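Chemist: One structure is given below, represented as structure tokens, and several questions about it will come after.
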């Protein structure tokens, strides 16, 4: 990874209901003791995702910020990311020691991506309930995200989705880029996601610079 912002900014995208908020919660709870973290959520008209994270005690309330994007959630992370860049700047000013900010996009479709000025590493979350064809449908989230997460693998038998076919299609669409199968309710696969963020985002280097500065 060439571009390194301080703190590391990880964009989390994916369709409504795929598990973006559940991922933010799981990452926060497993990483908060080791890294200084904050989360910014994007919702169309409410701050519902931020409220979910608050109720789950994912992070202290002052480290959670909800951005209301209005009618076009993808615009707020892509064409005009200023509302999110402003939120990042405020969080960084409030917590200068931050190592990591997770930015959860509003419910979007397969075509939305994060602006490179907003996100250093992008994770795209889809779920098995969408059907095994989702990886092969492609779209920038599936083909270009640094990491693809295929969530809710426990539902595969109920929706007739074959995980081997999904894995094969994900490899075909993504080439060398990695993907992970997860069940965010049980925590299965979360360690692989954390490992990816730490290594690809050079998080331990960021942390040692911060804490020895």
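Every residue gets a Cβ built from N, Cα and C, even glycine.
Annotations per Swiss-Prot:
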- 14, 15, 16, 17, 18, 19, 20, 21: GTP binding site (BINDING)
Chemist: Find, among the binding-site residues listed as 14, 15, 17, 19, the one whose Cβ has the highest number of other Cβ atoms within 10 Å in the structure shown.
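Modeler: That would be 14, with the highest Cβ count within 10 Å.
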Chemist: Around the Cβ of residue 20 (GTP binding site), how many other Cβ atoms lie within 10 Å? Please give the count over every shown protein chain.
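Modeler: Neighbour count, Cβ to Cβ under the 10 Å cut-off: 28.
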Chemist: With H, G and I counted as helix, E and B as strand and the rest as coil, say where DSSP puts residue 20 (GTP binding site).
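Modeler: The three-state answer is helix.
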Chemist: Within 10 angstroms of the C-beta of residue 21 (GTP binding site), what count of other C-beta atoms is obtained when all protein chains are considered?
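Modeler: Its Cβ shell of radius 10 Å holds 24 other Cβ atoms.
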Chemist: With the cut-off set at 10 Å between Cβ atoms, which of these binding-site residues ends up with the most neighbours? Options: 16, 18.
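Modeler: Selected residue: 18.
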Chemist: What other residues of the same chain, not counting 14, 15, 16, 17, 18, 19, 20, 21, have a CB atom within 8 A of the CB centroid of the GTP site?
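Modeler: Near the GTP site, the remaining chain residues are 107, 125, 127, 151.
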